[in-house]
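Novice: Quick paste from TrEMBL:
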- 10-106: domain 'Phosphomannose isomerase type I catalytic' (DOMAIN)
- His97, Glu114, His172: Zn(2+) binding site (BINDING)
- Arg192: active site (ACT_SITE)
Amino acid sequence: MQAISPFRLAPYFRTRIWGFPDLAPWFDFKTEGEPIGEVWLTGEMCVAATGPLQGTSLSEITSQHGAAILGAGHAGEEFPLLIKILFPKEKLSVQVHPDDALAQKFGEPRGKTECWYALDARPGAKVALGIKQGATDDQVRASIDAANLEDLLDWLPVEKGDMIYVDAGTVHAIGPGAVLLETQQTSDLTYRMYDYGRPRELHLEKSFEAMRLQTSAGKVAPRNENDHQVLIDEKYFRVERWNLAVGVKAEALTQPQPYVQMIFVAEGAVTVSGDGFDPFVVERCQLAVIPAASGPWSIQPKGAAEIMRIVPQSL
Ligand SMILES: [Zn+2]
């Protein structure tokens, strides 16, 4: 298999009615048009910003170099994880995603299980995760008709540093006030169940088919492991938090792996270097892809840095 060097991806800004016209201090990005609600970090349209693949989209890179990027045996597959930052200024609609089995019934490759890591949260920030204990399907339907589904949801306060698991089938919503790093299965299957009376289209029948009254969604406590913390370790993804000090080589972080790894910088900045490619900087809120077939690489923080290592599982 050909070697393929680490590279940084350029973010892709998505307009959303619930977003912001200005993403400072997170991104130097302002718009006069529709607000920006999502910044995609591993979207198929994100392009490599460094190295020989510069300007090539992630979907092209994955289709041309699938095995080198994702690992042996994964040629021809889609990039498995979609990582985004969410900037909700208004509350998002109440929605639900199908699991793999239901997605496949509709002819799609996979459903959507996701997790949210709070990069920041203002006091009062909250998310809704699931239907209140004991409520029934009929009560959910009645509360949609009565336009008060939000009262039947389990709302949870969000603090900076929280990791929240949202498995497929969990009815969920995000309120304003938090900035969330979202890691999800690559899928665009979202069924909107309720929109607080806003006029957007709902997908009620599919929502009820996808909805489960009992799920595993909730906050996940971090687990210390050697010199880092495992924030979540679930079927589709694992997210770790590494606090790097100046001069620390973090060799445990840069061990070769047979699968793709994403390095997201939550605080500070790092330089990624190695044999056969020009060193490049990954600033706060940027993401680097470390292909499965990468040669040896290393990471040098510029000052203290907090990074997240995100890897797919069950590839
Ligand atoms: Zn979702």
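Keep in mind that glycine also has a Cβ here, set from the backbone N, Cα and C atoms.
Unlike curated entries, TrEMBL annotations are predicted automatically.
For each feature listed, report its degree of burial, its nearest neighbours and the pertinent distances within the displayed model.
Specialist: The average pLDDT the prediction assigns to the domain 'Phosphomannose isomerase type I catalytic' (10-106) is 95.
Reduced to three states, the DSSP call for Glu114 (Zn(2+) binding site) is strand.
Other Cβ atoms within 10 Å of the Cβ of Arg192 (active site), summed over all protein chains shown, number 18.
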Novice: Under a three-state reading of DSSP, tell me whether His172 (Zn(2+) binding site) is helix, strand or coil.
Specialist: strand
Novice: Going by DSSP, give the three-state secondary structure for Arg192 (active site).
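Specialist: Going by the DSSP assignment, Arg192 (active site) falls within a strand, counted as strand.
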Novice: An 8 Å radius from the center of the His97, Glu114, His172 Cβ atoms defines the neighbourhood of the Zn(2+) site; name the other residues of that chain inside it, in order.
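Specialist: Apart from the listed residues, the neighbours are Gln95, Val96, Lys112, Thr113, Val166, Asp167, Ala168, Thr170, Gln184, Thr190.
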Novice: Let's see if you can do this one: DSSP helix, strand and coil counts over the domain 'Phosphomannose isomerase type I catalytic' (10-106), in that order.
Specialist: 18 helix, 28 strand, 51 coil
Novice: Which residues of the same chain, at least 6 positions away in sequence, have a Cβ lying under 8 Å from the Cβ of His97 (Zn(2+) binding site)?
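Specialist: Sequence-distant Cβ neighbours: Gly111, Lys112, Thr113, Glu114, Ala168, Gly169, Ser187, Leu189, Thr190, Tyr191, Ala210.
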